[in-house]
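Okay, structure first, notes after.
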Amino acid sequence: MAAAVPLPVMLLVGAMAVAVMLVGAGAGAAGVRGGRRQQPQQLRMGFYAKSCPAAERIVGDYVRLHVRRVPTVAPALLRTHYHDCFVRGCDGSILLNSTAAGAAEKDAPPNLTLRGFDLIDRVKGLVEEACPGVVSCADVLALAARDAVAAIGGPSWRVPTGRRDGTVSTMQEAVRELPSPSMTFPQLVALFAGKGLDVRDLVWLSGAHTIGIAHCSSFADRLYSYPTAGNGTGTVPPLDAAYAANLRQRKCRMGGRDAAVEMDPGSFLTFDLGYYHTVLKHRALFRSDAALVTDPAARADIAGVVSSPPEVFFQVFARSMARLGAVQVKTGSQGEIRKHCAVVNS
């Protein structure tokens, strides 16, 4: 991870105070405000300290090497981990291939643009060489996502390990469980609450779009047929008119190819606050991102973090990523430790 620029002691203290305020206050009255979720008993730091002490080093070294060569690996791995955790929990089910028995999660429409499967398979192969049958694909993916973000200068976070791999992966569940770019704020809040995540997590995890891209087809409604219906907490603001016109002319021509557009223009491979500035300027591509400012407290939290040092965003994002990585994990005797991430053990 790139070294953070040292700050004066007083500035660091102030930044930490802002971070505590943002984490503690929460966002939006519509969300779940429950206490911290208990960490699964068998998920812990250093889980492989005795059974495979080199596991985390193997994953980190390989990921850092490839992110340096191809920085777009970072958002790819982060997105794959995110999509894994939202369907059946963080159990590596996103990595399974479809079979004659049915289509798997990775073949669901929202997942067709996911990348990084080959990289995870290669990392898993290296870990298997060192410690056969010990480290799960779910843990490899969780560690790889963390290490990839850190490798492009983003935050790092604690990743307790001990996840087990799931044996079920269905396309229909992915379609039903994954957040959609067209979702309203209340819909997003309900979906996140179903995973044990609160509104704070929704706001901060959305910040991952700072290193994201979007295909024109995923926000075409914002460009050509924007609906006027409200979402229950106020109408979602339309895309900035000048920005929309530019996109229609240069990137997303009607009937043209489904081009990719940077969600944080100009710094989409830099983990920074640019995404939140974009949201506040009404230049968020997805309706689901634009919807964040329809909740007064969520908007206030975004405004607060963009006026703070980047370390504040790093802290709250890391906290929410740690929570995401513990969603509905399988531990103990649940699931299995796959030998190959793309297929269940036979």
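The backbone N, Cα and C atoms fix where each Cβ goes, and this holds for glycine too.
Quick caveat, the model's predicted, so the values are computed rather than measured.
When the candidates C131, C137, C216 are compared with TrEMBL, only one is recorded as disulfide-bonded to C52, and it is C131. The disulfide bond recorded by TrEMBL for C341 reaches one of C85, C90, C137; that cysteine is C137. The binding-site residues under consideration are D84, D91, E105, D264, D272. Their Cβ neighbour counts within 10 Å are lowest for D272. In this structure, the CA atom of S93 (Ca(2+) 1 binding site) is 30 Å away from the CA atom of D272 (Ca(2+) 2 binding site).
Taking Cβ-Cβ distances under 8 Å and a sequence separation of 6 or more, the neighbours of G89 (Ca(2+) 1 binding site) in its chain are G166, V327, Q328, V329, K330. The recorded positions listed here are R79, H83, H209; among them, H209 has the most other Cβ atoms within 10 Å of its own Cβ. C137 (disulfide bond) has its Cα within 10 Å of the Cα of these binding-site residues: D91, taken from D84, D91, T210, D264. In the set C85, T210, C252, none of the recorded positions has a C-alpha within 10 Å of the C-alpha of E105 (Ca(2+) 1 binding site).
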